[in-house]
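Student: There's a structure below that I have some questions on.
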Ligand SMILES: Cc1ncc(COP(=O)(O)O)c(C=O)c1O
Ligand SMILES: N[C@@H](CCCC[NH3+])C(=O)O
């Protein structure tokens with residue numbers, strides 16, 4: 001397993017993260033346990049900010065909180081001076097509860113409800129990323145009813161779709177997100193928002209995909225946005241002061257993943273924006289981005305306790321752990337791959353290839369199909385790397401499994417950021433209707 005950030009093997013042959021022995025974490029907090037390497041999260045934040053500062057452009061880096069949204073994380077993001085992207089009232093509530101400065105919050109989503117819009121307006125958030133005409137009109141009306149003028153970006157679909165190793169310029173209009181650039185919807189949206197009394201159009205937003213390992217897709221998106229900005233200026237006399245190029249910067253999960261340094265993405269984006277906007281003699285806009293996975297993904301490690309084994313000679317050996325798709329649905333959803341090691345025997349050589357199964361009543365509940373480990377024994381602590389993004393945030397209570405605790409580690413300290421759910425938490429919102437208060441036999 002690749003050792004990310006402050007992860008290392010200590011003198012006892014145990015995996016250590018943030019200066020803390022993970023076997024001690026497992027003993028103290030139980031398993032499954034999400035462990036977050038705080039120094040690595042902060043380092044990633046700074047890599048983005050430093051690269052933008054070097055570019056000389058005005059910028060905002062907004063952490064896409066969908067990747068991992070808990071109050072402690074919001075605090076770190078606030079301390080690092082980043083902005084925050086939220087896509088629901090729940091993410092917004094979490095950020096506000098954490099004391100995150102509302103003026104640095106950006107609200108995304110293709111179906112913001114009137115209640116969500118009101119909540120965000122009342123909180124005084126910095127910007128709405130408007131996704132469609134229904135929202136545009138509703139936002140204008142609600143802002144008007146509150147006597148406010150609200151800063152917005154328009155999410156456009158630039159017709160660039162980036163995959164891990166390539167991008168496709170599709171001109172594709174079949175997406176639930178955004179105003180299409182190719183069919184004139186984006187142009188109309190600019191026209192309409194510029195004329196709206198209660199909207200302040202800052203510019204446009206484009207997001208081309210996730211877990212991207214090359215810069216070409218971002219360059220092409222910047223080019224398309226610059227062309228559009230120039231057209232809008234010439235035909236509508238509207239000038240954008242902000243261009244948001246979204247998130248999607250890839251990280252390493254397994255060998256063969258080839259992430260670029262975060263500075264490389266930023267340099268390519270800054271260069272493309274400078275060149276393209278200068279080419280059309282445009283006042284240089286602020287550049288905003290919204291990375292999620294690349295801020296927190298490789299800073300997360302999940303610890304599990306190994307339980308049962310099932311060896312099918314000539315086929316495979318299943319080793320089951322005390323978590324699974326409930327704490328990490330990504331292998332089941334996306335066939336995502338992960339690396340693992342035995343945290344309590346981290347310096348022992350590999351001796352067998354096993355498959356790691358979760359404990360849900362579901363054949364697809366597999367965490368890793370083939371991983372080489374020392375001879376695995378019941379009670380071993382299995383560590384799975386790069387589980388910081390879209391794991392806790394996508395966790396479920398399937399099979400009424402309780403969500404794990406989250407611990408932040410740094411400089412030898414471990415601090416709980418989320419408690420493990422209790423049995424009471426599982427039934428907290430259950431209501432037994434009056435007529436079922438007594439269990440009456442019907443036969
Ligand atoms: C609009 C938008 N912004 C930001 C992100 C964050 O992406 P990532 O976690 O890949 O950086 C996403 C997710 O793909 C997104 O849809
Ligand atoms: N949830 C996805 C990524 C979606 C990104 C949000 N638009 C993942 O785990 O990889």
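Backbone N, Cα and C define each Cβ position, glycine as well.
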Student: Which of these, 209, 217, 248, does TrEMBL say binds pyridoxal 5'-phosphate at the same site as 290, 291, 292, 293, 390?
Tutor: 248
Student: Among 290, 291, 330, 334, 362, 390, which binding-site residues lie by ligand 1, judged by Cβ under 6 Å to any atom?
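Tutor: By the Cβ criterion, which requires under 6 Å to ligand 1, the hits are 290, 291.
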Student: Looking only at C-alpha atoms, tell me how far residue 330 (substrate binding site) is from residue 390 (pyridoxal 5'-phosphate binding site), rounded to the nearest Å.
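Tutor: Cα to Cα, residue 330 (substrate binding site) and residue 390 (pyridoxal 5'-phosphate binding site) are separated by 8 Å.
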Student: Of the recorded positions listed here (66, 334, 362), which is spatially closest to residue 292 (pyridoxal 5'-phosphate binding site) when Cα positions are compared?
Tutor: 66
Student: Can you give me the same-chain residues 6 or more apart in sequence from residue 248 (pyridoxal 5'-phosphate binding site) with a CB-CB distance under 8 Å?
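Tutor: Within the chain, residue 248 (pyridoxal 5'-phosphate binding site) has Cβ neighbours under 8 Å at 162, 207, 208, 209, 210, 211, 212, 291, 293.
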